[in-house]
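Down below is the structure, laid out as structure tokens.
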């Protein structure tokens, strides 16, 4: 408050003890509104100031020293908590999905909460040949009618399978609609946007976390062509946001909060795939915008804790972190690089087809009546999926199990149809080294079913991704690639068997030797298709070898990943996540976009030639009423402060939100502030007559070092500055005189215009 004893002459000279509105910080100053972009430079400098204060205070007393140590360790504590919670949630989701997926087909009589596999593990009557069958596990028809076989039992099982699928998906879409609309989709496009500095309030909230976890189980169990991996990244980031609110260091600084969210994304991938190192690389390569070295270490720690927690829960019962773990017994040969590269080409083409078709369908959903009936759409797609999936054993089971079977190497103990080879009775070789054999009728039957499953997966995934339920894309993409890869692998294997005297096979395929592993082709195909859709490279290869344990197959995986990226990039640079960011109009400035046009800052800045002049504040001659009118009449996020309207010499920049809060606070707390009070941004109060009302000093909310460029700066440089410094706006000057302003939105609109796209598609601030 002002000192009331100040004499009129002191007031006249401006020497009164006027309150500066950050001497006593008032709530919410320096915060951002929903759907606005943060200012990275401002957040960074605020954190540096906070750190400096803590360091200087720590020398004063033991208590302050302890507080500074706690502050330093809070980052590691947050990472530990994120790892523990995301690992636990992932384990619970895995167990629940297993049980509910099997619930569509039958129930365990000894303990209804057991999945099919767990039920038969505990049974004493299970034989090795029929390890999938045990008396405790009964299909619905057998339970209801007493008949396990026959047309009637098949029809009843079919009907109940579809009914369960519809029930699960209806519950999922209803919960999302009613309680947490942000819980739908994969979440990765929005998380990329949030990590680039955008605010979407509630997207990482407690309700979103709870509903996403529950509906993810329901959506995956319904048998729709979607995975849980992408949504698990969203779940982990919600955990990160939750723990950020416990520490003021992160809750009050949006830049620091994003460092935690980057690490949380790594923990999410770590538990989704059981690939901690792949998770860190995924966060670095695919999701994060600003990734300092400190975040790299913390991401590594969070991913490690998350993986350790998941391993302790052991959801798959095999003491592994992943469902797809395989061990191949044969090396790969140079000649096999040709089919591997062809699978890479297929992955790139499938990625392009999927992105274009899915974006076209999502655009249609947004612009037509279809978008008004999300529940109906989910029910319709689930119904079609369940009806078409049940007759084919490869589409009926969960996609993860399908991939697991396709990756599998045919050992002597395998009972899968894919391993129905004709055995040579004279063979006397160790079990580990099974030679190539002619395919039996089961393999040819499986090939037909796989070909139909491939077409089905390709088509249905296009319509499934983007619906109003949690839906990941990793597993469906991998399934498409694994099916194509297994088909190619069996074809190469049979060619090598029947034509081992061909020059291409002669060097490495001796009769009676095992030289082609179809499961490896499935693995390479899965990597190629996932790379084609997401455009990941390094993190993809690391995730794939962590996922499968196939460390010596790095070269085939790299060849396929690079080929699929090249092929897909030939048709368009954006992966599926960037395409969805564009579709939703989020202000995301992609690091990979190149700006090669020869425009200047003056071509992009506002005001343009026919626009009204720039809205500015003067340093010591604007009244509270003028400021309030300016705020009411405009929707700008901030205003430049100049010496005077005549000189237009730039002093600094003030945020709209800070101005509004400061004036509101001043009216409540400072005596004598009225509409005609002068607002000043200088260190000393202006010389005012004694009769004038109390002036209002707002120097502290003024940013005295706004980023400026000259009007002749090339836009290429401006785009680079925005991208690397995470700017929110940049002022354009000439010889210190203010000419205009360029915001992030202006940059994005200009880039869209240069690429002949609709500049109005950039919707937010």
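Cβ atoms are placed via backbone N, Cα and C, with glycine included.
TrEMBL labels come from automatic prediction, so no person has curated them.
TrEMBL has this to say about the protein:
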type	residues	note
DOMAIN	605-669	domain 'CBS'
DOMAIN	702-760	domain 'CBS'
TRANSMEM	73-97	transmembrane segment
TRANSMEM	158-180	transmembrane segment
TRANSMEM	200-220	transmembrane segment
TRANSMEM	232-248	transmembrane segment
TRANSMEM	260-284	transmembrane segment
TRANSMEM	337-361	transmembrane segment
TRANSMEM	373-390	transmembrane segment
TRANSMEM	446-466	transmembrane segment
TRANSMEM	473-492	transmembrane segment
TRANSMEM	520-545	transmembrane segment
Best-contacting stretch, by C-beta pairs under 8 Å, relative to the transmembrane segment (337-361) and drawn from 158-180, 200-220, 260-284, 446-466, 473-492: 473-492
Could you pull out which residues elsewhere in the chain have a CB under 8 Å from any CB of the transmembrane segment (73-97), counting only those six or more residues past its ends? 213, 216-217, 220-221, 228, 232, 235-236, 239-240, 242-244, 246-247, 249-250, 260, 263-264, 267-268, 271-272, 294, 298, 301-310, 312-316, 398
Would you mind listing the long-range same-chain contacts of the transmembrane segment (200-220), meaning Cβ under 8 Å and 6+ residues beyond its ends? 34-35, 89, 92-93, 96-97, 100-101, 168-169, 171-173, 175-176, 179-180, 182-183, 187, 190, 193-194, 226-228, 231-232, 234-235, 237-242, 261, 398, 469-471
Please work out which recorded stretch in 158-180, 260-284, 373-390, 446-466, 473-492 has the most C-beta pairs separated by under 8 angstroms from the transmembrane segment (520-545)? 473-492
Beyond the flanks of the transmembrane segment (260-284) by 6 or more, those residues with Cβ under 8 Å of it: 75, 78-79, 82-83, 86-87, 89-91, 191, 194-195, 204, 228-230, 232-237, 239-241, 243-244, 250, 290-291, 295-296, 298-307, 309-311, 320-322, 472, 474, 536, 538-539, 542-543, 546-547
Summarise the domain 'CBS' (702-760) as counts of helix, strand and coil residues per DSSP. 24 helix, 19 strand, 16 coil
Segment confidence, the domain 'CBS' (605-669), expressed as mean pLDDT: 88
As a quick check of your reading of DSSP, tell me how many residues in the domain 'CBS' (605-669) are helical, how many are strand and how many are coil. 24 helix, 17 strand, 24 coil
